[in-house]
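Annotated in TrEMBL:
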{"type": "TRANSMEM", "residues": "20-44", "note": "transmembrane segment"}
{"type": "DOMAIN", "residues": "35-293", "note": "domain 'G-protein coupled receptors family 1 profile'"}
{"type": "TRANSMEM", "residues": "56-78", "note": "transmembrane segment"}
{"type": "TRANSMEM", "residues": "98-117", "note": "transmembrane segment"}
{"type": "TRANSMEM", "residues": "137-160", "note": "transmembrane segment"}
{"type": "TRANSMEM", "residues": "191-210", "note": "transmembrane segment"}
{"type": "TRANSMEM", "residues": "231-252", "note": "transmembrane segment"}
{"type": "TRANSMEM", "residues": "272-293", "note": "transmembrane segment"}
Amino acid sequence: MTNISTTALTSTIILNPNIITNYLGTFILVFGAIGEFLNLVVFLSLRTFRESSCAFYLTLASFFKILQIFTGLLSRVFTSITAVDWTAISPFYCKFRGYFAEFSPLCTLGLACLAVIDQYFATSTHLRWQQWCDIKVAYRLSFLMTTFSLIGAIPHGIFFELIESPITKRYACILNNKAFDYYNTNVNLPLFFGPLPMFITIIFAILTYRHVKQIAYRTVPLVRRRLDQQLTTMVLTQTVFNSFAIIPYVAMVMIVNHTTLLTDASTGNVTLFVLTTIAITYYLYPTSSFYIYMCTSERFRQQLRYVLFDIHFNGWLRRKINPVNNIA
């Protein structure tokens, strides 16, 4: 009897989804937020990046990734640790989180597409295509992408509502429109959150890789060539990693939505555990870019050291040693 109880208890602990959220979720949250913040520091501190259209897409993407981390992952971790779900308490927060859970990924995935397309143009041998790698063009395309995401997320802000369950008598934040829920499950999620942006980025990543093999023979300034090679490596590696982080999540949600695995008594616990694990690892996509850049680009590591120590830390020391005296 003791052995059976111990086995059951061990199984319950192992398959407890809160353990994944509490520990793995917190780890990803902390290091992801730090990494994306450091991305912003590096990209905004160096003129090389500020004048690059591809780097502008990456900079803006880091900003929206931070927004995605704090409106999505932080809410999950906070609810798991404290057992207080603000989406089930506050109607405003229910709509707020529903809106930004749609808006932020749309922006980051769209900007990822623009970044890899930009590198395809940058590494092209045709001058006509290279002219699209312009910071002013990047401003306009980013504005259009952000506007599209802002408008596209509006229905989520409208239709997410607090609904009381007739069985448990508890409130839950869910989509309260059957037609839009059907669209969200069968069109929005499998198209805009997975296959479409992944298809675009992978196709252009392959085409860009073909260009990169010939980039050494192009007559371009050395600084521009090194920047193109650096950004291309960073963007292509991020594209591959995104595929492994996003596609399993979309596939698992589709399976759960179209089967009874989650509601079935014999498979419910295991399915919930797997779904939670995949949902948490999905957040590796908006939290990993800094560490991918660090691992794949020696130049980025040098730029990070230069920005943190030569620009900011040494600048802070100089201000401490020689304070500026303001004369009234």
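For all residues, glycine too, the Cβ spot is worked out from N, Cα and C.
Because TrEMBL annotations are produced automatically, they should be read as predictions rather than curated entries.
Counting Cβ pairs under 8 Å to the transmembrane segment (272-293), the top-ranked stretch among 56-78, 98-117, 137-160, 191-210 is 56-78.
Away from its own ends, the transmembrane segment (191-210) comes close to residues 105-106, 109-110, 112-113, 116-117, 119-120, 123, 152, 232, 235-236, 239-240, 242-243, 246-247, 250-251 of its chain (Cβ-Cβ under 8 Å, at least six residues beyond either end). Residues 54, 57-58, 60-61, 64-65, 67-68, 71-72, 87, 138, 141-142, 145-146, 148-150, 152-154, 156-157, 159-160, 173, 175, 192-193, 197, 200-201, 204-205, 208, 235-236, 238-239, 242, 285-286 of the same chain lie 6+ residues outside the transmembrane segment (98-117) yet bring a C-beta within less than 8 angstroms of a C-beta in it. Confidence for the domain 'G-protein coupled receptors family 1 profile' (35-293), expressed as mean pLDDT, is 89. Nonlocal intrachain contacts for the transmembrane segment (56-78), taken as residues 6+ away from its ends with a CB within less than 8 angstroms of a stretch CB, comprise 21-22, 25-26, 28-29, 32-33, 36-37, 39-40, 43-44, 49-50, 84, 86-87, 96-97, 100-101, 104-105, 107-108, 111-112, 114-115, 118, 135, 138-139, 142, 146, 231, 234-235, 279-280, 283, 286-287, 289.
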